[in-house]
Amino acid sequence: MFLTILFTFALLFSSSHALQQDFCVADLSLSDTPSGYPCKKPSTVTVDDFVFSGLRVAGNTSNLIKAAVNLAFVAQFPGFNGLGLSMGRLDLAVDGVIPLHTHPEGSEVIIVIEGTICAGFISASTNVAYFKTLNKGDIMVFPQGLLHFQFNLGKIPALAFVSLSSANPGIQTTGAALFANDLPTEVVAKVTFLDIAEVKKLKGILGGTN
């Protein structure tokens, strides 16, 4: 009983201590930690630390995937530090694709602003795919860590915004992980069941070596 009471008071103390601090703007001059960046000194914080304008401008979609992703993670927007959220802007030209990728540290929700987007994710436990055509105003959620994708189904450019449940959710793109690495081609072919010629082609496209 005594240990239970002591533990309860410890939790109350830690919670009340956390509430004493209104915010923790990231000091990007210091190293990131598992709990986020250290805080800037309150005397150096300004209103600009809580405003980010990087999502107002469309990204350049003249690339292989015909899409652009502008991120507002903690590294771009230090005001997100410790708040458990981040954002991003997706611009997809006609036939634009956000390839299969994961966010190891956060779930994601997307809202379509313009155009028509097919979006979906794949369950890790059953390999069932959940995908749907999204129109203007539709939202969809992608649970943390699951492979998911978006692509433009329409005949006009599409625009969407995403919000994630971590200031630093991380991102790993499946194609880049497989073919933009320095693993020997023979190893990649072995573990993907692709032939060597196809692996070499994909490494050449995505910048892999060996």
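Using the three backbone atoms N, Cα and C, a Cβ is placed for every residue, glycine included.
So that you can see what the record holds, here are the features copied from TrEMBL:
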SIGNAL    1-18  signal peptide
DISULFID  Cys24-Cys39  disulfide bond
DOMAIN    53-200  domain 'Cupin type-1'
BINDING   His101, His103, Glu108, His148  Mn(2+) binding site
BINDING   His103, Glu108  oxalate binding site
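His103 (Mn(2+) binding site) and Cys24 (disulfide bond) have their C-alpha atoms 23 Å apart, to the nearest angstrom. Taking the Cα of Cys39 (disulfide bond) as the reference point, the closest of the binding-site residues His101, Glu108, His148 is Glu108. Taking the centre of the Cβ atoms of His101, His103, Glu108, His148 as the Mn(2+) site, the nearby residues of that chain (Cβ within 8 Å, site residues left out) are Thr102, Phe121, Phe142, Leu146, Leu147, Leu164, Pro169, Ile171. Put plainly, the disulfide-bonded residues Cys24, Cys39 were compared by Cβ crowding within 10 Å, and the winner is Cys24. For Glu108 (Mn(2+) binding site), the same-chain residues lying six or more positions away in sequence with a CB closer than 8 A to its CB are Val141, Phe142, His148, Val162, Ser163, Leu164, Ser165, Pro169.
Annotation for the binding-site residues His101, His148: lowest Cβ count within 10 Å of the residue's own Cβ, His101. For the domain 'Cupin type-1' (53-200), the number of residues in each DSSP class (helix H, G, I; strand E, B; coil) is 22 helix, 56 strand, 70 coil. Mean pLDDT for the domain 'Cupin type-1' (53-200) in the predicted structure: 93.
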